[in-house]
Structures are given as C-alpha cells and as structure tokens.
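All remarks here apply to the structure that follows.
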Amino acid sequence: MSSNFRHQLLSLSLLVGIAAPWAAFAQAPISSVGSGSVEDRVTQLERISNAHSQLLTQLQQQLSDNQSDIDSLRGQIQENQYQLNQVVERQKQILLQIDSLSSGGAAAQSTSGDQSGAAASTTPTADAGTANAGAPVKSGNANTDYNAAIALVQDKSRQDDAMVAFQNFIKNYPDSTYLPNANYWLGQLNYNKGKKDDAAYYFASVVKNYPKSPKAADAMFKVGVIMQDKGDTAKAKAVYQQVISKYPGTDGAKQAQKRLNAM
C-alpha cells in the first residue's frame with residue numbers, strides 16, 4: 001500500500017507540474033494575444049516601414065545632392081585646367097618670341113599670317129572684372145574704333161577700357177593697317193599696369209609680325225627694357241644689340257645704345 005501510494009503521489013505531482021503552466025497560459029488576458037495586440041504590432045510595423053522609407057528617401061536625395069556637387073566640382077576642375085593650359089601656352093609663346101628677338105632668329109622675318117594664327121589662340125585677355133566694363137561698341141569702321149580706343153588711352157581713368165577696346169579692334173579688324181599700333185598700345189598699357197609678361201608678348205608681336213612697322217624698333221627696345229627689369233641682363237643686352245643692328249638711326253636704337261652704355 002505504501003509503495004502504491006508513493007507511485008500515485010508521484011504521478012499526481014508530475015501532472016500538477018505539467019498542468020500548471022498550461023493553466024497559467026489559459027488564464028492569461030485575451031488582449032495580449034487577441035486582435036488588439038496584432039493591430040498594435042501592425043501599426044508598429046507600419047511606423048517602422050514608413051521611417052525606413054523616409055530614411056531611404058533622404059539618403060537618395062543626399063546622394064543626388066552629392067552627385068550634383070561632384071559634377072560641379074568636376075566642371076570647375078576642368079575649367080581651371082583649361083585656364084592653366086592657356087596660361088602655360090601663353091608663357092611658351094612669350095618666351096619663344098623673346099628668345100627669337102634676343103638671338104636675332106629668322107622667326108622675326110616669317111610671314112605674319114602664320115604668326116597671327118598662332119598668337120590668336122594665346123593672346124592675353126583683359127581681367128574678367130574689366131572685360132565688359134565700358135569699352136566702346138563696335139562701329140563697323142576701323143578708323144572710328146581705333147580713334148575711340150586712342151581716346152580711352154588718353155583718359156587715365158579708363159585704361160582698362162582701352163585695353164579691351166584694342167583687343168576687340170585686333171579681333172574685329174585682322175587686316176587693318178593699325179594692327180601694329182594696336183599691339184604696341186596693348187604692350188604699353190600692360191606694362192603700365194605691371195603686367196610685364198603680357199607687355200612683352202604684345203611688343204614682341206609687333207616686331208615679329210610687323211618688322212617693317214615704324215613701331216617695330218621701339219617695341220623691340222621695350223622688350224629689352226622688360227628683360228632688364230626682370231633681371232635678365234644677358235637677354236636685355238642681346239635685344240638692345242638687335243635693335244641697333246636692325247633699326248639703325250631710329251629712336252629705339254638710340255635708346256638701346258644708351259641702355260647698353262649704362263650697363
């Protein structure tokens with residue numbers, strides 16, 4: 001009896017241990033697993049989904065904005081590279097012209113047509129802030145436009161406008177007999193502004209493209225002055241000697257001789 005009783009008691013204890021959790025689960029509130037709980041979870045999932053959608057939208061917009069910035073920077077880099085290439089090419093042209101003058105090379109006697117074409121791609125331009133300042137509008141008449149540019153030279157407050165006017169003149173009237181003078185004045189105006197490389201470019205252009213112009217001797221002398229200003233005594237002497245030999249008796253040759261005597 002005692003053995004059977006123990007077995008029955010053990011069996012009853014096991015049944016109670018197993019049944020208790022199920023009873024507790026059965027007594028749990030229906031709301032925790034009912035329709036309200038599902039709706040809450042659905043609502044929460046919808047909120048999460050909406051938040052994810054908003055985040056994705058923001059990320060896409062940010063990527064789009066970043067791409068626009070990258071494209072803009074790429075454009076600026078390309079523009080800066082182009083401008084740098086132009087500056088380098090212009091410096092090469094200036095050095096070639098000065099070297100040919102100081103060495104008395106045959107390049108100074110070459111046809112102006114080929115040189116004008118080469119110079120056109122590297123011609124120095126006016127500052128962006130003054131390019132559209134107040135230069136006269138093209139009249140269609142070379143004499144009128146040249147005289148208008150000269151009038152600007154005489155007005156000390158409009159030197160930048162004068163530079164633009166002469167640049168436009170060279171562009172608009174490529175066959176004008178005033179081209180040597182226009183280039184000479186551009187050289188002088190740039191020199192007055194301290195732009196000696198640009199000044200040397202224009203003075204050298206007069207000598208190379210228009211060696212028989214009355215302005216050629218003075219223009220070559222000015223190239224020598226610029227070389228002397230820059231501390232290149234050897235080139236300055238060579239240019240002065242070229243002025244004396246190529247244009248004897250001219251005012252430019254006389255000035256060159258004075259410079260040589262003082263060096």
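Cβ atoms here come from the backbone N, Cα and C positions, even for glycine.
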Among 106-139, 140-173, 208-241, where does Swiss-Prot put the label region 'Disordered'? 106-139
Can you tell me how the residues of the repeat 'TPR 1' (143-176) break down into helix, strand and coil by DSSP? 29 helix, 0 strand, 5 coil
